[in-house]
């Protein structure tokens, strides 16, 4: 049969949908890259850095939780490993954070594989609770481990602004670009995976493991691969966060709150989608930061009320995520054509 | 003679707790044929089917595929060797499009996504589903879902296709289309084993039939001869005739 | 460690374990009924503690008397949570589990925020209950009366739950619904009603636990998080959906926690429970008594 008889789209070369996604990504990331020219306010710049960071880490979480369907509520562990590896290597051994980032990422991926071995036998809530418990054990151990500062944490030394040590005390703009680079890389990696064999396998594992197996998909290997990639990029996010704060302690990088904060943007935006974590973070993080600073500061509780209410609202009104608002329209349009 | 045996099931026994679902079952599948696996409810058809597909291993006996013992191989490993299956209750990947569903199957042999997409399109066209390629799999009608099951399995480029009650629940005209598709699959050189409950559809279609009853092989041969077999009539047709 | 000290540790662990079991059983009940994990369970506990604290402030009566009130209030909270939130979360077509987790997590955050906003983040405690400060001396093993009261309430609650499940029509409807949700509709059982009552019952049980805990534990907006995590671990350890599993696992968790605290620094007291949980599910992936 000829291609025309099959109604084949140009199979060699990129699909139009994917090409458009790349163009949109390029435009969005370019706009963010030049945004510091318009956004001079340090507070807003801070919010932007955090938004980009959470978008990137949530995208990393999305690889395992969204695409492969393994709901981890313990990603704070990998975030913490990245933050601690970078801080210890820099403060104790004088190795620049770039090295620590890589070490933290590889260490996290290795630990994810080690933990995946027993954990991926567990299903549903048993898996999710095991991930919480493992992250809590990690938190307890770090709390009581003097070599990494115990409960006091690690203070980065003051130094001059430098791209080598990733310290910028005066000007926050480099952090925007760093966080943006992190987001762009995780987004692009997810984009590549989504179009590849692994991406298809992961979604098949999520939707129906038995059917996936009958089509030659090795379920265990698929989950392990997703866990390793996901942990690697989560740790890079943690490394960045440590250099951004220049001070870490167990609670500020490894508490359970973080595990939820990494999953939330993906869930709100649209789980298992390329733009879900980005859209989710773009709404959630500014909202959190603004309610926290304008409505009586943290501790009053009003920020939690708004935050909790919003999560409930989205979960109930738009369970497929905010992004599905647009996708519904697009699918209808495609169906008509 | 031995070279044209694609699948050789020898003296297979499978127990679930105290229940013997398959007892000393031996079945040969010849290359290029359509073999019907029939029998009343609880005869052990599904168990035998799952043993061949690799859902669980047999307690005793051997299963050889192209001469290689596959009794202990996992489902995915069997798929790579060239055994594909469908499910009695369709198990589509509902968050993905129809095309993407079939691509998962195509990736079994084609690592590149452009090549896999091409295979998937061809297979969909072969199964008469190309119009539905962009639709979400969850939105298919039940007969379309059956076709998707077959397309997905075919996309793995199998030598042996196992069909689990693909005709059940179809209207007579839908079933005729289904029969046509199975013939087309065989004409492509794929050997077919089908478990089926609806005798009227299976008998004209299959080259040979194996009748199971109470976990054992009751009769085996040309459909015409099998239907005349006394034991089969009492065990299976008799029951059905009473019911009708 | 002397035998005396060991007995003391085991006795305290047992009493705390019974209270953990009472906290966890409501969660397990709801899961068994409809496969939903309520991530606001800890906040239900917190709500009950504040209810008792508030009543104590306004009436100056003994907090022991308020346990039934707390259970009744929480029954309403649970039923409303189902009717107002969870019912809708169950309609999600995709990622239902995820939607339920986050809908109930949203509720948890909201309750925590409301407690902080209206009741301040301060740590409160109920100073004078007639149980407070008293201990029972059992041959050198000292048992504080508030914890003893908690343990007794827990045993009574489990006994009552057993009778409710096995002897009443509601119990039978509950059992039938958890076995086959579709079929019960055919015999005229209103599924929504059973679910709402199930949520009410689950919440009432944790309300009871909150009431006994309020007598001897600090009350603050984050108290739910601490006990919530223990409840999830307890339920998963016993097996989701198993009432008996929750009881056994609660007691085990209490004992292991007390033993860990006796041998490791206090900050590490949860380590024993966590290690135990992982050890059990890695060997038995659906917990001690789970059917899943």
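Glycine is no exception: its Cβ is also placed from the backbone N, Cα and C atoms.
Just so it is clear, the model here is predicted, and its values are computed rather than measured.
Feature annotation from TrEMBL assigns transmembrane segment to C:6-32 (among others).
Taken from TrEMBL, the feature transmembrane segment covers C:44-61 (among others).
Positions annotated as transmembrane segment by TrEMBL: C:67-89 (among others).
The transmembrane segment annotation in TrEMBL covers C:101-119 (among others).
A Cβ distance under 8 Å defines the sequence-distant neighbours of the transmembrane segment (C:145-164), meaning residues of its chain 6+ beyond its ends; these are 12, 14-16, 18-19, 21-22, 25, 64, 67, 129, 131-132, 134-136, 170-171, 201, 205, 208-209, 211-213, 215-216, 243, 247. Per TrEMBL, transmembrane segment is recorded for C:145-164 (among others).
Positions annotated as transmembrane segment by TrEMBL: C:194-219 (among others).
Residues 1, 5, 9-10, 12-25, 27-29, 31-33, 37, 41-42, 45, 158, 161-162, 165, 178, 206, 270-274, 276-277, 280-281, 286-292 of the same chain sit 6 or more residues outside the transmembrane segment (C:231-264) yet have a Cβ under 8 Å from a Cβ within it. If you look up TrEMBL, you'll see C:231-264 (among others) marked as transmembrane segment.
TrEMBL lists C:271-289 (among others) with the feature transmembrane segment.
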Give the one range among C:6-32, C:67-89, C:194-219, C:271-289 whose Cβ atoms make the most pairs under 8 Å with those of the transmembrane segment (C:44-61). C:194-219
Residues outside the transmembrane segment (C:271-289) whose C-beta sits under 8 Å from one of its C-beta atoms, at least 6 past its ends, are 230, 233, 236-240, 242, 244-245, 248-249, 252-253, 256-257, 259-260, 264
